[in-house]
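A.B. asks: Per TrEMBL, the features are:
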type: REGION; residues: B:1-37; note: region 'Disordered'
type: TRANSMEM; residues: B:137-158; note: transmembrane segment
type: TRANSMEM; residues: B:178-198; note: transmembrane segment
type: TRANSMEM; residues: B:204-223; note: transmembrane segment
type: TRANSMEM; residues: B:258-277; note: transmembrane segment
type: TRANSMEM; residues: B:284-305; note: transmembrane segment
type: TRANSMEM; residues: B:376-396; note: transmembrane segment
type: TRANSMEM; residues: B:416-434; note: transmembrane segment
type: TRANSMEM; residues: B:441-463; note: transmembrane segment
type: TRANSMEM; residues: B:475-498; note: transmembrane segment
type: DOMAIN; residues: B:526-649; note: domain 'STAS'
Protein chains: 2
Amino acid sequence: MDSKSCSNDMEGEAREMDTRSLSASGRGSQYLHKVGTPPKQNLLREFTARVKETFFADDPLRPFKDQPRSRKLVLGIQAIFPIFEWGRSYNWKKFRGDLIAGLTIASLCIPQDIGYAKLANLDPQYGLYSSFVPPLIYAFMGSSRDIAIGPVAVVSLLLGSMLSNEIDPKNKAEYRRLAFTATFFAGITQATLGFLRLGFLIDFLSHAAIIGFMAGAAITIALQQLKGLLGIQNFTKKTDIISVMHSVWGNVHHGWNWQTILIGVSFLSFLLVAKYIGKKNKKFFWVPAIAPLISVILSTFFVYITHAEKKGVQIVKNIEKGINPSSVNQIYFSGEYLLKGLKIGIVAGMIALTEAAAIGRTFASMKDYQLDGNKEMVALGAMNVVGSMTSCYVATGSFSRSAVNFMAGCETAVSNVIMSCVVFLTLEFITPLFKYTPNAILAAIIISAVAGLIDIPAAILVWKIDKFDFVACLGAFLGVVFSSVETGLLIAVSISFAKILLQVTRPRTAILGKVPRTNVYRNILQYPEAVKVPGILIVRVDSAIYFSNSNYVKERILRWLMDEEERVKAACQPEIRFLIVEMSPVTDIDTSGIHALEELHRTLGKKNIELILANPGPVVMDKLEASKFANLIGEDKIFLTVADAVSLCCPKQAEQV
Amino acid sequence: MDSKSCSNDMEGEAREMDTRSLSASGRGSQYLHKVGTPPKQNLLREFTARVKETFFADDPLRPFKDQPRSRKLVLGIQAIFPIFEWGRSYNWKKFRGDLIAGLTIASLCIPQDIGYAKLANLDPQYGLYSSFVPPLIYAFMGSSRDIAIGPVAVVSLLLGSMLSNEIDPKNKAEYRRLAFTATFFAGITQATLGFLRLGFLIDFLSHAAIIGFMAGAAITIALQQLKGLLGIQNFTKKTDIISVMHSVWGNVHHGWNWQTILIGVSFLSFLLVAKYIGKKNKKFFWVPAIAPLISVILSTFFVYITHAEKKGVQIVKNIEKGINPSSVNQIYFSGEYLLKGLKIGIVAGMIALTEAAAIGRTFASMKDYQLDGNKEMVALGAMNVVGSMTSCYVATGSFSRSAVNFMAGCETAVSNVIMSCVVFLTLEFITPLFKYTPNAILAAIIISAVAGLIDIPAAILVWKIDKFDFVACLGAFLGVVFSSVETGLLIAVSISFAKILLQVTRPRTAILGKVPRTNVYRNILQYPEAVKVPGILIVRVDSAIYFSNSNYVKERILRWLMDEEERVKAACQPEIRFLIVEMSPVTDIDTSGIHALEELHRTLGKKNIELILANPGPVVMDKLEASKFANLIGEDKIFLTVADAVSLCCPKQAEQV
């Protein structure tokens, strides 16, 4: 009884027998399934499909399909201003959640804003300004429900460092103008990337690099705070750890102020304890959230009654009262600072985007809603453009405040509006009260805030999963800590790119063997029980074959062959007569790849070895035929599976395994 | 009778039944083959293996293995100077082939050299110098047997164009010094790339881009020759087609010289006919090879007896007699020209490498010998460094002369030595005879030489195979023709890089279906007969999942799911309960990729859909376990094949298909 009739006789399961067993009965002469060539596509359609997949992968126009015109208009407005979509189902229950969340993040953001503004070398009110206008704009245009908008530590540090490379921060007016210019172009960059659907560009900063970069930035920021925490007057302007430590120890005898240290360290301990409580029990998330405001109130009161400012404790002194003044005419639209602002804006805008995108995605996946990354970018860009005209500097989503927002039960972007209102009231009425707030408190608040950016377990996980990723992570970290934020960023991006180039230049290849009692051929390194078929070498190429790797792939296959021939000779086994290239992972091939295959075929021909291909994909099959390579090696040398190919080569041997 | 007992009863073929049919009888409870996890590797060993595969992919130290010390020394010398290896088996028969080939390429190279030197804005003797020293050095260090070394058209044009951007060629001494400096650094670049085993970098200029770039350069060069061919005195210095045509037509009334045109056009026709004869019948390859020299002799004699130079026919006038003077102290090792020379040298060196590598590989594959690309680069680099010190400019392998060398039956690099000797004799004794050679002849020779660089069939093939490649080809071509060589080069490299980035950012995905009567699951677009299994969505991801594409992959899978859910709903079919991700082509995954899978798992969990993985490779399996993702979804959710996975999900349905 041959296998064919057997399979017809049998029940359900037996029908599952694969081509190999069916075709083997015909000794490789008739195969049921040829390798398919996809139907020829119209060039324009192919191109359109490719463009769509690249830039509109998320199919943003899907809801517009087959809708009447008026509905399309409504949908269009809703697409630009999502508030008109979710606003219709807004209710009091949601408002309750948003109110609590909004008040919580407001209490957190006010002291943080003042400190972050100092990090960017700006006056404290600019931090508050940036927590007033941008969240309002975002509430109308953004689609994340959990993100908390405002100035953030890393962007503030980056901006402060890049701006002061161009203009001395003591030159306040010009420095501020350049800051607004950079903010304007950061917004333009973000909106443009979103509008041109180039959002995927921010994916080129790998997750691992971000972990290292953030940790480095956190340490740099914390080190900067030693100035406020220790009450040092003459502090270095550099941000690298060596200059800072030098500055700190150089001032140990004259520069440290014990009253400042006392206030700073005690409140830092308080903040860290509050943080620990919040971490231990998620129910007490509000403890670390309001601790900063309580510290500010207590310490301000304390300084006020003890007149500690006369004993060398530095205080905020003056925060301008009133809401954001216009800054439209302060932006440099010409002159040498235009280009500098543009450059700084692009970098700051991209980093701000990276942070916002990471936050948006995390919470969207937690609450299971979809975020259109490109639309988000347009929203963030618009918000920063408007911000740059109303005295704000670059705002984005904050890690720490967004987490608090989420835990406080926010429902929509209305929590940002609530926060914005509180900041408005603060600017209008309360700022004079901050006069006696000691700088040490702000330093303590920033240190406790950025501590959360150091994610050691994540770094350990990166180490465990991918060593190369860890190098990117470490490189970014060391670059930031020992040189500057920009250097760290450059290292992170370079290593990320190097990894991509390495991937496309040196794809993996594997020798396949037959997994016993199956028809499956797998990598013999992964499946030690898999056995090679005598007289046949089966190689799998694990990547598209492109100009960047075609030579390598060809030479690597020949080297596998050479090794195998040596082994076979030494073991007195039958000579290699067939080389089967498993093409399943080869998703595409270009002209250089075809050339490499042709050269491989020619070299093998001289050695009297037959080249056989298994399972080329649709695109590859198309190109093999277009280039006549399929004719060159013979259409009958291309098989659906490795098993089919082996059964043609030497049916006897295949069965013996 | 169930399939298991059946398979035991049957003969050979039936044993081939795969896991699926075996395991299905157990209703998915016991599987024969688990997905293998490769044995844990020592970190250092893993790293070493990776570095080796990246930089020493060709295993250059293989012959050194297990050899005694003295033998290693000999092998080392032979590795640096391959002449000591092939020289030992050199014999008179080989010398006969080399002699004929050497004389043929010498007759071709002498007039070409003079013309190419003019293209680089150098005096004619510098072309001859560059055909004297570099071939000698190459003969000792190079391992290609067929390459013909000397100045080439494209590099001469590139060098001429880049150098004259920095220094006016009329300022001869300084211009020449910068040329030597650029040559020096071109050599250093080449040797360094080879020594650091970074040869793969030149693969980043894709085959298609080179076709376009070469064709563009050929047209630009030919256009430049109109000056000599038409006898125009005032010619533009720009190389783009518009400026050149403007210059040509602007001079039509006063500038054209009919005697020059007569000589030029008649000899150009002669050369083209000779070329045609050589192409039609390979036996007459020597006809086009010696035609240039014959033209030079005839036309020089003709000008000499008719005194045509007095009627406005421009002649070479003077070629300095004697061999290369030293130029060591002419190289700029400091000052502003050092950096400029370095920049030009890097670009020219890379282009020269690209040309030499393409030639070397082509002929090596034709004669079936192995070339170590990195060793070749060291040889080319050393040759250019020595060249820069002996008044040569950048030399490399010439397409046209190497082809003639091959067809004339060269056996080893000795043909280069022969050519070098002929050039030496020319420099010592014959140069004065070139005084009356008309420039028009040189122009005609160059035009007929570069015509071979325009490869229209190759461009058509590129169009047929890969449209994106064709864009690179066309971009490089138009860039060179309408702007400049540098622009064309920049376009070519940019498009090549864009392609790589696109590849890693937007990998393909496919929906799989079961090919009827087999156990094989394939892309339903490629195999229209393949059918989806009800209640299961099978998606294949066609690339490593890295930070650059992890978000896209996750979102694309979810979109496939959404589409399928809609379709299923409309068709009243059973709901999707399982999502199988076929991981065969996923050769690697990084931290971002694991995150994306985690998010996918979470989202699917909310929809009550199970995530199942099929056939993850060794590296991926390793990382899935390191990150505990394998535990998260359950080890029993990872299968050897899609068929196995399907049989677990719904054995009944799988059988019905």
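Each residue, glycine too, has its Cβ placed from N, Cα and C.
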A.B. asks: Can you tell me which of B:178-198, B:204-223, B:284-305, B:416-434, B:475-498 gets the most C-beta pairs within less than 8 Å of the transmembrane segment (B:376-396)?
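C.D. replies: Of the candidates B:178-198, B:204-223, B:284-305, B:416-434, B:475-498, B:178-198 scores highest.
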A.B. asks: Along the domain 'STAS' (B:526-649), what average pLDDT does this model show?
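C.D. replies: Average per-residue pLDDT within the domain 'STAS' (B:526-649): 88.
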A.B. asks: Can you tell me which parts of the same chain pack against the transmembrane segment (B:178-198), counting only residues 6+ beyond its ends and a CB-CB cutoff under 8 A?
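C.D. replies: The answer is 55-56, 120, 122, 126, 159, 162-163, 166-167, 327, 330-332, 337-338, 340-342, 344-346, 348-350, 352-353, 373-389, 391-394.
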A.B. asks: What parts of the chain pack near the transmembrane segment (B:204-223), using Cβ distances under 8 Å and only residues at least 6 beyond its ends?
C.D. replies: 119, 153-154, 157-158, 239-241, 244-245, 354, 358, 446-447, 450-456, 458-459, 462, 466, 469-470, 472-481, 485, 488-489, 492-493, 495-497, 499-500
A.B. asks: Is it true that the transmembrane segment (B:475-498) and the transmembrane segment (B:137-158) have 3 or more Cβ pairs under 8 Å, skipping pairs fewer than 6 apart in sequence?
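C.D. replies: Output yes: the transmembrane segment (B:475-498) sits against the transmembrane segment (B:137-158).
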A.B. asks: Under a Cβ pair cut-off of under 8 Å, which of the recorded stretches B:137-158, B:258-277, B:284-305 contacts the transmembrane segment (B:416-434) most often?
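C.D. replies: The stretch I would name here is B:137-158.
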A.B. asks: In the domain 'STAS' (B:526-649), how many residues does DSSP call helix, how many strand, and how many coil?
C.D. replies: 62 helix, 21 strand, 41 coil
A.B. asks: What residues elsewhere in the chain lie close to the transmembrane segment (B:137-158), defined as a C-beta under 8 angstroms and at least 6 residues from its ends?
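C.D. replies: Sequence-remote neighbours of the transmembrane segment (B:137-158) are 80-83, 86, 105, 109, 112-113, 116-117, 119-120, 127, 130-131, 213-214, 217-218, 220-221, 224, 239, 347-348, 351-352, 355-356, 359-360, 363-364, 366-367, 369, 371-372, 375-376, 378-380, 382-383, 386-387, 393-399, 401-402, 404-406, 410-417, 419-420, 446, 449-450, 453, 485-486, 489.
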